[in-house]
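*Asks:* Quick one: this structure, given as C-alpha cells, is what I'll be asking you about.
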Amino acid sequence: MITLSHITKQFTLGAQTITALSDVSLHVSAGQIYGVIGASGAGKSTLIRCVNLLERPTSGTVVVNSIDLTNLPERKLIDARRQIGMIFQHFNLLSSRTVAGNVALPLELDNLPKSAIARRVTELLALAGLEDKADSYPANLSGGQKQRVAIARALASNPKVLLCDEATSALDPATTHSILALLKDINQRLGLTILLITHEMDVVKRICDQVAVISQGELIEQDTVSEMFSHPKTPLAQAFIRSTLHLDIPQDYQQRMHRQRAPGRIPILQLEFTGLSVDAPLLSETARRFNVNNNIISAQMDYAGGVKFGIMLTEMDGDEADTASAIAYLQQHQVKVEVLGYV
C-alpha cells in the first residue's frame, strides 16, 4: 500500500545543506498499522510528510496505492491525495465551525450534494463517537474530542491510508489510550492502512503491527512489533523498550544501598526479560545450579505484539563466585542484568 524507496530529503539554509532523511526505504502492507518511532529531530515528521508529498523528497520514490506520487503532475497529485488522510499533534480545527461543519469541510470542497454531505457526516460522527457533539464548537471540546473530530474529518473522503503525525502527543494518558483504541477500531472495521510516527514506545506497543526506528534521518531497525520487543537489535530500540517499563527502588532499599560490594552485602539486580526468557524458570534454575537465594523486590510485565516482556528487581544472596556464575547464566539466556548496588 505504501512503499518508500531510497528517500533522501535535504534542506538548504544559506550555504548549509541539512540532510533530514538519508536513503530511507520502508513498505507498509494494506490494512497494516505501521509505527515509526524516534527521538525529537530524528526526521519522523519529515518522513511522514514525504508520503503525501507535503515535503517533496530530494531523491527517491513514493508509491501509495500502486501510484508513484513523485512522478504525478500537480492536478493528478491533488486527486491522489484524496486517498490519503492525515491527522496532526495539533488538531487544526476551524473555531468558527461546529463539529459537523469541520467534518463536512472536505466534502464541501469536493462539491458533494448537501444531502450526501449530511449522511456522510452523520456516519463519521458515529464512527468517532461524537454523535452528541455535532452542534458543539471546538472551544467547548476536550483535547481527545478535538482529535476525534480531526480523525472524522480525515476520513471524510474515504481514504485508503491514514497518516498520523504525533497524533497523541498533546493528550493525557487516558485520552491517548482512547484515541489509540479508536484508530485500532477504524483499522479493523474499515481495513484502513495507518502509518503513524511517535516518540512513545507505548503507542507502538498498543496498536502497531510493524515498527521502524529512525535516528538522525536513517531507519536503523525495522521489524514486527513482537520481534522487536523480543530481540531488539540496536541500543536505541532497546532504550525505547526500556522506557515502557520502569521500577523504582523502594525507599528503604535506597537508604541502605552501597555502590561497592563488601562482605555481608547482597547485590540488588535489575533484570530485563524478553521473548522466551520471560516464561522460563530462570531464577529457580540459578538457585538450584549456583546455590544462590533470590528475593524478588518488585516486577512489572507487559505484552506487545503477542509477546510478553518485563523487568524485575531482585536480591541475589550468595558468595561472590556463585553470584557471578548465576548472573552469567541469566545473561546466556537473554536476560539483561544490571547490578544497581549492594545492601
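The backbone N, Cα and C atoms fix where each Cβ goes, glycine too.
Pasting the relevant annotations from Swiss-Prot:
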type	residues	note
DOMAIN	2-241	domain 'ABC transporter'
BINDING	GLY38, ALA39, SER40, GLY41, ALA42, GLY43, LYS44, SER45	ATP binding site
*Asks:* For a quick check of understanding: among the binding-site residues SER40, SER45, which residue's Cβ has the most other Cβ atoms within 10 Å?
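*Replies:* Top count of Cβ atoms within 10 Å goes to SER45.
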*Asks:* Under 8 Å Cβ-Cβ from ALA39 (ATP binding site), six or more apart in the same chain: what's there?
*Replies:* HIS199, SER215, LEU236
*Asks:* For the domain 'ABC transporter' (2-241), provide the mean pLDDT of the predicted model.
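*Replies:* Overall, the domain 'ABC transporter' (2-241) comes to a mean pLDDT of 94.
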*Asks:* Same chain, not part of GLY38, ALA39, SER40, GLY41, ALA42, GLY43, LYS44, SER45: whose C-beta falls within 8 angstroms of the C-beta centre of the ATP site? Give them in sequence order.
*Replies:* ILE197, HIS199, ILE214
*Asks:* Measure from the Cβ of GLY43 (ATP binding site) and count the other Cβ atoms within 10 Å, all protein chains considered.
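*Replies:* Its Cβ has 25 other Cβ atoms within 10 Å.
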*Asks:* Take the Cβ of ALA42 (ATP binding site) and count every other Cβ within 10 Å, whichever protein chain it belongs to.
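*Replies:* Excluding its own Cβ, ALA42 (ATP binding site) sees 24 Cβ atoms within 10 Å.
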*Asks:* Indicate the candidate from GLY38, GLY41 with the smallest number of other Cβ atoms within 10 Å of its Cβ, considering only these binding-site residues.
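*Replies:* Among the binding-site residues GLY38, GLY41, the sparsest Cβ neighbourhood within 10 Å belongs to GLY41.
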*Asks:* May I ask you to report the DSSP-based helix, strand or coil state of GLY43 (ATP binding site)?
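*Replies:* Going by the DSSP assignment, GLY43 (ATP binding site) belongs to neither helix nor strand, so it counts as coil.
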*Asks:* Sequence gap of 6 or more, Cβ distance under 8 Å: name the residues on the same chain that satisfy this around LYS44 (ATP binding site), in order along the sequence.
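*Replies:* The answer is VAL36, ILE37, GLY38, ASP165, GLU166, ILE197, THR198, HIS199, ILE214.
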